[in-house]
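As recorded in TrEMBL:
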| type | residues | note |
| --- | --- | --- |
| TRANSMEM | 25-51 | transmembrane segment |
| DOMAIN | 41-290 | domain 'G-protein coupled receptors family 1 profile' |
| TRANSMEM | 58-78 | transmembrane segment |
| TRANSMEM | 98-118 | transmembrane segment |
| TRANSMEM | 130-150 | transmembrane segment |
| TRANSMEM | 200-226 | transmembrane segment |
| TRANSMEM | 238-260 | transmembrane segment |
| TRANSMEM | 272-292 | transmembrane segment |
Amino acid sequence: MHWTNESFPKGFILLGFSERPWLQIPLLVVLLLSYTFTIFGNVSIMTVCLLDPKLHTPMYFFLTNLSILDLCYTTTTVPHMLANICHNKNTISYGGCVAQLIIFLALGATECLLLVVMSFDRFVAICRPLHYVVIMNPAFCLRMATFSWLTGFSNSLLQSSLTLSMPRCGHREVDHFFCEVPALLKLSCADTKPIEAELFFFSVLILLIPVTLILISYGFIAQTVLKIRSAEGRRKAFGTCGSHMIVVSLFYGTGIYMYLQPPSSTSKDWGKMVSLFYGIITPMLNPLIYSLRNKDMKDAFKRVMSRIFFCKK
């Protein structure tokens, strides 16, 4: 990365909805409630998956990784947003902005890859059930999870370096709630098209290719499930895979909207709302989707609660 004298300004001003101050209180309430539910939901899933031996399977290992990721994902941005609203401030230090950009990008890319891994797990479980234990062995699962995390952070370092290398000519007003690539690119006083082309390439690798692999996996899964004679078997298979597809649709849909089009073409307020959705609302919904639609998770939750509160084995 090429650093210039302007690379270390005092900080940035986050405009958010400053043009609509009446939205501050509703936004505060939404952030507070969603962050509380996100913490409670994801910590609950992590605890249940850890304490219940029946959930010590590849599917719930990856679900635990997703919960850890979602918890970190929201913590990267929400506490600072809450502090700014409560103290009637709208600033962030340069170091804080860089950290927010790198971590947010890294966790978002990691989630893209982790969702592919989870779809592969369901593909093997449904389409290759006799080979499931051999293929999805603990060492292989650990390697796939590690690959997702390392690739996510590597992608983030590349995209962050490209974004931060653009000259800003003293511009400090970020028209967003937090430091994100499209908003930071709009500060540049140079032609951003070459950088946008490179960022688009990385976004295709992290967004379009994974979602294509997921759709292919679920195409094979759908063919296999439709051949199952038992209505109960089909219902259980579609129930488990349906939860995953809802998460995929919510996350990839909003991510593709933000990162696979030029920043200049994104409506200001609509872009902010989309970012709030996939950065805050989706991590809150994930635990609800996976727990409410998953009988094994609900049964495990009851067993763990009984063990904790009633000392039952």
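Placement of Cβ uses the backbone N, Cα and C atoms for every residue, glycine included.
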Distal contacts, the transmembrane segment (272-292) - CB-CB under 8 A, six or more residues away: 16-17, 30-31, 34-35, 37-38, 41-42, 44-45, 63, 66-67, 70-71, 73-74, 77-78, 104, 108, 175-178, 180, 243, 246-247, 250-251, 254-255, 257-258, 298, 301
Stretch contact, the transmembrane segment (130-150) with the transmembrane segment (200-226), Cβ-Cβ under 8 Å, 3+ pairs: no
Result, the transmembrane segment (98-118) in contact with the transmembrane segment (238-260) (3+ CB pairs under 8 Å): yes
Remote residues contacting the transmembrane segment (25-51) - C-beta distance under 8 A, at least 6 residues beyond either end: 16-17, 60-61, 63-64, 67-68, 70-71, 74, 78-79, 81-82, 85-86, 280-281, 283-284, 286-288, 290-291, 297, 300-301, 304, 307
PLDDT averaged over the residues of the domain 'G-protein coupled receptors family 1 profile' (41-290): 84
